[in-house]
Amino acid sequence: MTRDWIEKINLQALDFPIIRDILLAPAWAPEQIMNAIIAFTWAVYIWETYLSYRQHKMYKNTKSIPPELAGVIDQTTFNKSRLYNLDKSKFNLICSLYDQLFQTAVLVFGGIPLLWSLSGRVTGYFGYGREHEVTQTVAFALIGAFITTIIDLPWSLYSTFVIEERHGFNKETIGFFFKDKTKKFIVMQAIALPILACIIHIVKIGGDYFFIILWAFCVALSLILMTVYADYIAPMFDKFTPLPEGTLRTRIEELAKSIDFPLKKLYVVEGSKRSAHSNAYFYGFYKNKRIVLFDTLMEDYTPLNKKEDESKDDDKNEKKRLHRKLDVIMMKYWLYLHMSLAIGNLIIS
């Protein structure tokens, strides 16, 4: 079965003498390749599961506030956070085991060549023969993405409407959930499939050094997607509004200036229609950075939350807590960015 699976794959690399000699060596027989792939995926899974289980034990055994957080969080909030992360950790351990078993079964029982054969029959129905490799690859990816989405649907439903609901974070309805999933699938395929077609075309026409052209294409594509995502793709799913003038905006701008953060725009995203979780992020290149705050992070932000504060003192205290959160978030992402650039430069060197 393993040999049949390998033989059904069209190895473009065999067109290159050096790679052909390596792949056709006795040590690289089909069975050895398959066994190496499966062993590697299981090694990665075991290591990641070990790390996740250690974190799970930490959630389970840490029942009191650590000294480092004393005075920052109260016991009630700590308990809620601990129980939520304990449930999420347990769910992720089970889900990751299922994913690993499923992926192994797909490899061992020939799921990939079966899907490739199915995509060939589908494209053949529309008049495209086996010579249309790009078309068949696009059909292969589309069918695979659809099947994967259906298989993962029960897990996603449980995570949203059981775990998130149990801890008071879920804000989605069943209708919104399926509408959002459908929209995400359509948008993702509309972006990914043309990119995949370009990649296959580059491999076919690139010659012996196709990987250099492919590398340049992927780098350029990454930069383009990072630029257009927040401005054109993300607004398809959530509402973005500029943060109004006021004390909060002034405070953030002053903080950005004090750490030489090149802030150009501030947005608030309506994340409360999905979840009660709070978050913030920034994006952009060089001296054109933009910060996005979730409306759930700003309980006193009236354009997205009509609830009025009970008193001015509560309002001041809430703003102070929010400012502390923003300080931590901005410093964390700013340091993360520079660490990423430093590591990237080191790897390139």
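Quick reminder: no glycine exception, Cβ is built from N, Cα and C everywhere.
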>> Under TrEMBL, the annotation transmembrane segment belongs to which of these stretches: 9-30, 97-118?
In response: 97-118
> Which numbers of helix, strand and coil residues does DSSP report for the domain 'Peptidase M48' (243-301)?
Replying inline: 18 helix, 18 strand, 23 coil
